[in-house]
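Trainee: What follows is a single structure, and I will ask about it in a moment.
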Protein chains: 2
Amino acid sequence: MNSILTVLKGTHFSCHHLVTMRGGFLKSAYSRVSILGSSRSSVPEMISRGFADGDSETKCAQNVNIIEAKNSPTIFDRILDGSIKADIVYEDPECLAFRDVDPQAPKHLLVIPRRRITMLEDAQNTDQELLGHLMLVVKKVAEQEDLTDGYRVVINNGPDGGQSVYHLHIHLLGGRQLNWPPG
Amino acid sequence: MNSILTVLKGTHFSCHHLVTMRGGFLKSAYSRVSILGSSRSSVPEMISRGFADGDSETKCAQNVNIIEAKNSPTIFDRILDGSIKADIVYEDPECLAFRDVDPQAPKHLLVIPRRRITMLEDAQNTDQELLGHLMLVVKKVAEQEDLTDGYRVVINNGPDGGQSVYHLHIHLLGGRQLNWPPG
């Protein structure tokens, strides 16, 4: 359920499928790398509708089957292995940073670890070094993106947090005034 | 400008003063520990108005004098030294977690390092271990608070991020569906 692979193999497209892939992201992946055959030509539109607004996404996030999501590959696996192109702005042996294709601010990037941690609540004490590194990479990417007026860093954990991909990812948003409350 | 001390000594109370102290937070501090003399009795109301809504806070955040804010003590120093009481839910030799007194969700906590890092963009490579620890503490506090349905983690950096206190603090919000975009 939580991966583009599931959708490709699947016979129906539920809210769950959409949200676990962060629709806009997948939509763009479709258009850019043509991973769907012509018989699936209606799928991008369905996905596009599914993510017409943030509310739809958060509602869907409430219905994710977390156990299934944690045990399925995600679209980030395809970005990490290069089979789906992303607009990568930074990479090192531990992590990758790329632009969110459904940006919520003029600059909206995601920083993800190469080694999958499904969600923050599943992080272990042995992940301390990696988590610290990810935060420093967020800072570095923000500098690289010239976010001199500031930015917001967000991690969504689970349904209430609005987590849509069960591979830890840190949102970096800037280029506009972020408002309060944060969602 | 960025501390409760400045307000106590100051002769006027601008937007800057208000925002650098996260108004609701300060308001509660006032009411709980009576750090203002009777001659200052109008101040809490002023502060309260200054933070009547999130928009005010974000607008104020745009006007913070960052250099001054970085070089002044913050209200967190007073919490760390015990001179202002906070509703502390977790502490260890590296950090402290306590409830935000202007909660934006049923559960809204702040995790701060004891050693001051003014903002994420000022974090150094030598802070990696501490940053990783803070993230693990966020996870631990979320468990402690029974946020089993999920939560959102937010770090505001600088004016566009809506940073109001120039001592790194990680917001942990849960107990309701967090929406998208995150502010």
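The first residue you see is number 1, and the count goes up from there.
Including glycine, each Cβ sits where the backbone N, Cα and C put it.
Automatic, uncurated: that is what TrEMBL annotation is.
Per TrEMBL, active site, tele-AMP-histidine intermediate is recorded for B:H169. The domain 'HIT' annotation in TrEMBL covers B:75-183. As annotated by TrEMBL, motif 'Histidine triad motif' applies to B:167-171.
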Trainee: Just to confirm: which same-chain residues, 6+ apart in sequence, have a Cβ under 8 Å from the Cβ of B:H169 (active site, tele-AMP-histidine intermediate)?
Mentor: B:F76, B:L110, B:V111, B:I112, B:I155
Trainee: Could you give the residue numbers and ranges of same-chain residues that sit at least 6 residues beyond the motif 'Histidine triad motif' (B:167-171) on either side and whose C-beta is under 8 angstroms from one of its C-beta atoms?
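Mentor: Distant Cβ neighbours of the motif 'Histidine triad motif' (B:167-171) are 74, 76-77, 100, 104, 108-113, 116-120, 123, 134-135, 138, 152-156.
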Trainee: Using DSSP, how many residues of the motif 'Histidine triad motif' (B:167-171) fall into helix, strand and coil, respectively?
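Mentor: Tallied per class, the motif 'Histidine triad motif' (B:167-171) gives 0 helix, 2 strand, 3 coil.
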Trainee: Compute the average pLDDT of the predicted model within the domain 'HIT' (B:75-183).
Mentor: 98
Trainee: Take the domain 'HIT' (B:75-183) and count its residues per DSSP category (helix H/G/I, strand E/B, coil), listing them in that order.
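Mentor: Looking at the domain 'HIT' (B:75-183) with DSSP, the answer is 33 helix, 28 strand, 48 coil.
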